[in-house]
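Among the features that Swiss-Prot reports, Mn(2+) binding site is placed at Glu8, Asp10, Asp19, His24, Ser34. The Ca(2+) binding site annotation in Swiss-Prot covers Asp10, Tyr12, Asn14, Asp19, Asp208. If you look up Swiss-Prot, you'll see Tyr12, Leu99, Tyr100, Arg228 marked as carbohydrate binding site, on the strength of similarity to another entry.
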Amino acid sequence: ADTIVAVELDSYPNTDIGDPNYPHIGIDIKSIRSKSTARWNMQTGKVGTVHISYNSVAKRLSAVVSYTGSSSTTVSYDVDLNNVLPEWVRVGLSATTGLYKETNTILSWSFTSKLKTNSIADANSLHFTFNQFSQNPKDLILQGDATTDSDGNLELTKVSSSGDPQGNSVGRALFYAPVHIWEKSAVVASFDATFTFLIKSPDRDPADGITFFIANPDTSIPSGSGGRLLGLFPDAN
């Protein structure tokens, strides 16, 4: 099975797998059952921004979700990622819909990782920015239903030709290059990720959510990981 660390924007509460009974953001360490959650005042039809950061000195993974003109939601969890993730990983975005549906549109995505070692050469860093997405992206690995559209957006889950969200869809997008996320000699390993998103839904209960995730480089969509499992996990354990 894949080794996954994720920040979830969970639009549909699945209380049977430990979700709080409201939309929330959460931090997932190797399981869909979040280690830490915070209530998320999701606003359909508005562009939101997510900022995620990790610092190996503080050993804290944190995420902030905000919409222009309204208060932000923050969640954090103390974890030593050296003990969880392999040394090399890929970073990605995932989303699902189920019986209920929503658009899971990504408008922009950036990521920076840094490995500070005691040596003079501090070359172990990776940075990418997508302010828009090309139609045939060479620098993204698209999995499942994920596509890029003519407006320069990344649609993680299926939409109709008129832009309406489709149910029972799962899609992921990974940056093509593996990331050296930690090494034994590193003094500090840190990363920052930011993405902007737009969720629209005709349903009273949009579903299911979007994640930013980090996984082993050969990660793929697990069988049966749709809906509440957000395209990341094969089961709810």
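Every residue number used here counts from 1 along the chain in the order it is shown.
Cβ coordinates are placed from backbone N, Cα and C, and glycine is handled just like the others.
Since we're looking at a predicted model, the values are computed, not measured.
Near Arg228 (carbohydrate binding site), with the C-alpha within 10 Å of its C-alpha, lie none of the binding-site residues Glu8, His24, Ser34. Within 10 Å of Asp208 (Ca(2+) binding site), counting C-alpha to C-alpha distances, fall the following of the binding-site residues Asp10, Asp19, His24, Ser34, Leu99, Tyr100: Asp10, Leu99, Tyr100. DSSP assigns Asp19 (Mn(2+) binding site) to coil in the three-state reduction, outside any helix or strand. In the three-state DSSP scheme, Glu8 (Mn(2+) binding site) is classed as strand. Taking the centroid of the Cβ atoms of Glu8, Asp10, Asp19, His24, Ser34 as the Mn(2+) site, the other same-chain residues with Cβ within 8 Å of it are Pro13, Pro20, Ile25, Gly26, Asp28, Thr37, Gly209. A 10 Å radius around the C-alpha of Asp19 (Mn(2+) binding site) takes in these binding-site residues out of Tyr12, Leu99, Tyr100, in sequence order: Tyr12.
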